[in-house]
Amino acid sequence: MDALMPAPQSADLRRITLANGLSVALCHDSRLKRSAASLRVAAGSHDAPLAWPGLAHFLEHLFFLGTERFQAGENLMTFVQRHGGQVNASTRERTTDFFFELPQTAFAQGLERLCDMLARPRMTVADQLREREVLHAEFIAWRGDANARDQLRLLAAVNPQHPLRGFHAGNRYSLSVPNPAFQQALQNFYQRFYQAAQMTLCLSGPQSLAELETLANTHGALFASGTKVRQHAPAPLMKHPTSLEHIDEQKHLLFACEHLPAKADEAVAFLCHWLNAAQPGGLIATLIERGLIESLNATPLYQFDGQLLLDIELNANRPSASTIKSLLLSWLRFFKTQWPALIEEYQRLEQRRLQMSGALTLAHHHCRELPAQLSDQGADALRELLEQLTSNALIGSAPVDNLDSTLAEWRLPAPNPFLESIAEDSPEAALYLRWELPSAQPTLWQMLNTRLTPLIEDARQAGVNLTFSAYGNYWQIQLNGLRAPMVAVIEHALQRLRHAAPGPLTHAGQASEPLIPVRQLLKHLADHYLISKQAQTTGDLHTVWKHSRWISFASGFCAASQLQLNTALNATPGTRQTDVPTLPAIRLGKRWSSEASSSSENAVLVFCPAPTASVEDEAAWRLLAHLLQAPFYQRLRVELQLGYAVFSGIRQIAGRTGLLFGVQSPTCSADQLFQHIEAFIGRLPALIRTADLPEQIRVLSAQFDPANMPDQQQADIHWQAYLAGHRAHHSQALQRALSNLDTHSLLATANQLIDAAGGWLIVASRPASAAVPLSLPER
């Protein structure tokens, strides 16, 4: 391995300040295929007036409702979705972020909409009343979320005077929209913080720095001028005498630090990286070897103005908090003297991370000035941080006794074996390897996935995303990223899959926290679609491999690397499948499947596969999804106010293309949610007749232009096309099929959808009521 990996030179960065005071970062990277904007406002939930909890979060929601210039059908969210991009926002304790990513051709129009919605919000009382109900639905879901409850219990150990102990989510009762005092507070907060001097904007993409600067000057000038507002300092994190509130030490250890110096964010990122390293001789490996934990993850729960809450999240096997704390503090003392030896490896890892980052990640990185190295100032901050991280900084914990009773022989992690010096223009590739099993084996999959976890992290650091998934009777390994380390990564993965550790499966991983209902349904959608009978599970991995068949699909490999890959794949367990993959059978009619949930909320997914796997049907189904995405959201979320989780789009499962609709609601039953979705689908013909189809086809077709598609998205489309029996140039075939569609043919497709010609699968958090007819609807 080379001693030092050169920093990638493809990205150029320029920082400027506009005349109105807006701070702008411009990032050009020639390898990018999309462009992104990330805008941060230095104000968050803790800056809102105490009398109106949730005001900052509420305001974030209001911006997305459209402006006088860009109404609901043309606002930022609708525009980005129509062009196949991504858009979101987030309100944190002291910051609020708005961001989107789009193809380069649509980026300027997206930026125009972002700046317009923040500079000229409509904020009518009618809009506020409607959006308050959405926020209230979000609040109900948040209140029932296990992770949210866990965090509330964790923060109970913090000083009651600190804003972290306050209520900031906002709901129907804290947001008194008709009250003139609330309206004045909303306007005051907006005018105080949503001005240029309080904002930072980053634009990233393949455009030249000059082009990006022109865009920033044109649209950033919309913001009102102002002066930087100093956000008020919070109370101390720790109350003296120490709080009597004890946290669950089987799940968390919490450190509170104060008065950390500049660049403490670099120090925290550096420390957390090495705390979370799972290599032998480190903290995690030692705790697992001793049977004390299943997993550990260190992350900053809160950082602002020199304060830090460092959360050590645990999955402990047994009551062993005292031993775990002793070993943690022992490792910190070891790290205090040894960390300088890890700086070079850390710089290499961060360089590789940025080298592989997409447009949106780069925009976030430079907008938020996230750490990517340990500078001299960062090293000074790390020394101070490690001085504070003693037993005295633990809050909500019992005193630590016998600090030296369970010491370990610590050692530094070995360098990443896949992190070799790679040329700046190293190409990307993708590999898909799928096994078909006689029946689903969730327990064995969990054991193997746990075994792959350290490799997944090493591969990620080297620029390769490795996932091991299970759906239906299939197991699948997927690799995306830099081509150079990919063969070595798959060799290591196959070795771990073939030679799993013997013995019982009791340590195959700990059950994860329950998901909100709609996420739970999404997680198991493919299983409900593919599995029609009870699985015959076994603990005999050798037998499972013996009776499995596998296929592979690769893209982006040159002749030499393809030869190396083929040699590596010869070690794949199971039998290579020589015939073409079999598509899941079409099941006519509508069938209801339930996925039990303990939540009081209800959720429903409706998956509607195309009747055939032809390119023509896929193109028509994709155009339907494109047309209905914004109207579906408008109808169910805005007009009917069913809940905050409302979405639709294309979903592909094992080569089958289908429309997917999803809703979660705190007020409607599963039956009612399905009926709302069904009613919307029934109105599709009217929507098609009023649509500007040539323009919609043009916009959708542009999304399949290789110049606009990230490499992983291209690879995913071609993998699904391979499973469906199609071969090369599938994107171009889709574009041709789209160009042949017109109102008449799309109406015929809509009628196929309404008639459930490809079947409908309804997956819900509750069983179907006898009152819900699942026969074909009348048209």
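Backbone N, Cα and C define each Cβ position, glycine as well.
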Residue among E74, E101, E112, E138 sharing the Zn(2+) site, where Swiss-Prot lists H57, H61 as binders: E138
List of residues, in chain order, with Cβ under 8 A from that of E138 (Zn(2+) binding site) and at least 6 apart: A169, Y644
Shell of the Zn(2+) site beyond H57, H61, E138, same chain only (C-beta within 8 angstroms of their C-beta centre): G54, F58, E60, T91, E131, V134, L135, A169, G170, Y644
Fewest-neighbour residue among binding-site residues, criterion Cβ within 10 Å, set H57, H61: H61
